[in-house]
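Below you'll find the structure, written out as structure tokens, and then a few comments.
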Amino acid sequence: MGQRLSGGRSCLDVPGRLLPQPPPSPPPVRRKLALLFAMLCIWLYMFLYSCAGSCAAAPGLLLLGSGSRAAHAPPALAPGPDGTAPRLPFQAAPATPQAAGKEPAEGAASQEEQSPETPDSPSSISSFFSGSGSKQLPQAIIIGVKKGGTRALLEFLRVHPDVRAVGAEPHFFDRSYDKGLAWYRDLMPRTLEGQITMEKTPSYFVTREAPARISAMSKDTKLIVVVRDPVTRAISDYTQTLSKRPDIPTFESLTFKNRTTGLIDTSWSAIQIGIYAKHLEHWLRHFPISQMLFVSGERLISDPAGELGRVQDFLGLKRIITDKHFYFNKTKGFPCLKKAEGSSKPHCLGKTKGRTHPEIDREVVRRLREFYRPFNLKFYQMTGQDFGWD
């Protein structure tokens with residue numbers, strides 16, 4: 001204790017050599033920045049976790065998530081016994097040159113079903129978050145009808161937090177059944193406990209094999225059919241085809257087998273789809289009417305919240321989608337969403353929806369209404385609903 005260092009100073013007087021000194025505390029600004037960064041990381045993780053499901057439907061992510069499906073497709077299930085493409089029994093092959101022109105026109109229309117504006121699901125982001133749920137076979141399917149309002153209904157339903165739906169039409173039960181249920185399940189978005197998985201493919205309603213195939217998947221599947229005045233629907237169907245193939249024959253010439261006798265050509269798909277009663281007979285052999293909901297395409301435009309209320313009740317969902325979610329777009333002539341799924345901006349359906357219909361001869365329209373009237377009345381009796389088309 002008495003020893004001295006050079007210069008007459010004690011060893012206890014030398015700072016920082018013999019006794020350890022505590023490290024200097026970080027400046028307050030650095031501590032605040034570190035805390036802010038940690039909070040930002042937590043917020044970013046929670047945001048990505050919560051939006052993983054909705055991101056699955058984003059068109060920009062389609063290329064990331066869809067490339068590996070075909071390469072990893074599971075072994076296919078056995079196809080149907082006939083192995084042929086579905087065809088309704090009352091659809092006759094076109095025999096006249098005019099009828100022959102209908103086939104490519106219908107093919108052109110079917111290509112629009114896979115429009116690039118239709119989002120796909122799921123993406124690689126949703127697959128990355130293994131904790132964001134699991135892929136399930138759909139518990140509810142919108143099975144029809146083409147040009148009835150199925151896309152609008154699906155987009156409206158996707159606003160509901162308990163509904164998860166694949167964006168693109170899978171066409172599993174009519175075109176890809178041989179690929180198997182595992183392939184079909186892989187197309188579905190991930191869902192959490194309490195959420196419903198859905199898909200929509202309007203051509204199922206007129207596919208002869210679809211009822212048995214869906215029943216084989218699950219007898220409890222809920223089926224939704226959006227129907228519309230069959231005359232207006234046929235004109236809308238023709239308008240869609242005309243936009244793709246301006247050189248097709250006129251609506252009037254395609255409608256009749258013989259214009260003089262007034263015989264309607266039921267082999268033309270635009271006419272055939274609207275014979276709802278005949279198609280429904282096939283479905284009722286496999287599903288009770290209580291498992292089917294028939295949505296009015298007209299009321300879906302005039303009162304979207306009312307029709308969505310019926311759909312939510314049918315699916316066992318809480319009525320969350322109400323009037324506050326819609327506004328009427330006068331330019332397009334139908335309702336739009338104030339806020340679409342995963343967005344804070346208003347959303348209307350694409351430019352392919354709400355096309356202006358061509359002028360159709362009034363006598364042709366009158367003749368079509370006479371043709372559909374008995375089928376409509378039978379459809380009203382089968383469903384217990386009067387849609388007011390007559």
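Residue numbering: from 1, along the chain as shown.
A Cβ is built for glycine as well, from the same backbone N, Cα and C atoms used for every other residue.
As stated in TrEMBL, the feature region 'Disordered' covers range 1-26 out of the listed 1-26, 157-182, 183-208. Residue pair R151 (3'-phosphoadenylyl sulfate binding site) / C336 (disulfide bond) shows a Cα separation of 12 Å. The recorded positions shown are K147, G149, S236, T356; of these, the one with its CA atom nearest the CA of C336 (disulfide bond) is G149.
For the recorded positions S236, C348, T356, a Cα-Cα cutoff of 10 angstroms around K147 (active site, for sulfotransferase activity) retains S236.
Between the CA atoms of G149 (3'-phosphoadenylyl sulfate binding site) and C348 (disulfide bond) there is a gap of 13 Å. Within its own chain, T356 (3'-phosphoadenylyl sulfate binding site) has T239 as residues 6 or more apart in sequence whose C-beta sits under 8 angstroms from its own.
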